[in-house]
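Q: OK, TrEMBL features for this one:
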- 29-436: domain 'Major facilitator superfamily (MFS) profile' (DOMAIN)
- 63-84: transmembrane segment (TRANSMEM)
- 96-115: transmembrane segment (TRANSMEM)
- 121-142: transmembrane segment (TRANSMEM)
- 154-177: transmembrane segment (TRANSMEM)
- 197-218: transmembrane segment (TRANSMEM)
- 246-269: transmembrane segment (TRANSMEM)
- 281-302: transmembrane segment (TRANSMEM)
- 413-431: transmembrane segment (TRANSMEM)
Amino acid sequence: MPTLPNAAPLAEPVAMSGRPGVLPPWVRLLLVFNIVYILSYVDRQLLSLVVGPVKASLGLSDVQIGFLQGFGFSMVLAVSALLTARRVDTGNRTRLIALAVIAWCAMTILCGVAHNFYMLLAARTGLAVAEAVVPMAVLSLLSDVAPRASLPRAAALFMMSPYLGSGLALLFGGQLLAMMAPYEGHMLPLIGAFEPWRGLFILVGAPGILIGLLILAFGREPKRPPNGGIVASQTSVWPFLRSNAAFLFTMMTFYAFLNSLAMSIYAWTPTYMIRVHGMDAAHVGIFVGPVIAICGVGGCILGTYVMSCRTAERALSHVVRQSMRLMAFSTLPLILMPLAPTPLVAVLLLAVGLTFNAAVMSSTLTPIQLFAPPELRGRATAICSLYSSAMGGMGPLAVGALTDLAFHSPKGIAYAMALSYGAALLVAWIVGPISVRWTSRVDDARIAAGTGQA
């Protein structure tokens, strides 16, 4: 039987007072970095809209596309987060975010000039390296400035951004592709014969560099909370992880497989609608983009209310328990969505399933933020995310591999998605109840030891 995880004392956020009638500093910070994270997902998800043209232009397979969108991207993302985690714990997080924005926008532009798989892989790798900083740094900032009881709500609001970014990438990306279609074949320097998908990456990537420069010029770093005299840069995260390994493994496995499901939805839904239901990219953007944005945001709003706990002492177990309940409502719609007979039915099932999946994913990193001591949050989050991203990245790769190797047909993507989604949800249903029991024991231990804080 696994050992009960150690109960780490939790520091209160630094008090940050504001003038009457003015938004609290943590809310203003949240709004700014929501915009940054939206931009991150717009750049990241553009590839999902142009799978067909990219495959035709560069001669790629579905397995390679799945690797670029899933396992390869997520592993680079997680390893990069691990390597930069100490800097997040000790350095200027606002400056790190600004530099990351500039870097990933430059990499998005380079995606548009790639001429083979390896050039596209290199650009996507650079994109992942830069984007790795954002969620870890922002959640660390929120943990310092937001009231502890409000942290799940703040994290849920921050996690709206992937859905807005993914929806906007499809909606406006599809329209940009349609606008550039008449210019296909025109000769341009560096690019050669113009292809709309290349122009899409260049046009979307360029404006973000200005946003990064503005953050670099005007952003300010909030004061860190006291940590009882512990120097973060000299504190090892490994004893904490070893003593809580079984607990963290179980909890992160639950969220990792739900993450694989979410990543597959992002990566393959546009291609599924094009191949199976005969839609073009512009119509996919019009119909699927708003569904992802509206239902994703709606799910996150649902998560802000469902996940918030009135008593800080029970916040950890409350988040995991509510995640299980919300997952129950997403299971059947998401498994049945790829098998829908018409695009309307597919979109309706996607809307229902995505709403509840988004409510769960809005708080996927909250448990480790609640569990880890302040001086270890960045590194603990990065290490747990390495495992979560490795498993999560298998989702898009599995869909591509099943389509190529098992079903041997582009339209076989429907069965590949249904099988992959069902497998991910099965694992989550197995480990979820275990996570609920263990987090309840952690909360009980903290209350008994007097380390839980209201």
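Glycine too: its Cβ is placed from the backbone N, Cα and C atoms.
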Q: Taking residues 6+ outside the transmembrane segment (63-84), which of them lie with a CB under 8 Å of any CB in it?
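A: Counting only partners 6 or more residues beyond its ends, the transmembrane segment (63-84) has Cβ contacts under 8 Å with 44, 47-48, 51, 54-55, 96, 117, 120-121, 124-125, 127-129, 131-133, 136, 263-264, 266-267, 379, 381-383, 385-390, 392-401, 404-405.
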Q: May I ask for the residues of the chain that lie six or more residues beyond the transmembrane segment (281-302) and have a Cβ under 8 Å from a Cβ within it?
A: 49-50, 52, 156-157, 159-160, 162-164, 166-175, 177-178, 266, 269-270, 273-274, 326, 343, 347, 350-352, 354-359, 361-362
Q: Using a threshold of three or more Cβ pairs below 8 Å, and leaving out pairs closer than 6 in sequence, do the transmembrane segment (246-269) and the transmembrane segment (197-218) count as in contact?
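A: They do not touch: fewer than three Cβ pairs between the two stretches lie under 8 Å.
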Q: In terms of Cβ proximity under 8 Å, which residues at least six beyond the ends of the transmembrane segment (413-431) contact it?
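A: For the transmembrane segment (413-431), the nonlocal Cβ contacts are 62, 250, 253-254, 257-258, 260-261, 264, 268, 271-272, 275-276, 327, 331, 334-339, 395, 398-400, 402-403, 406-407.
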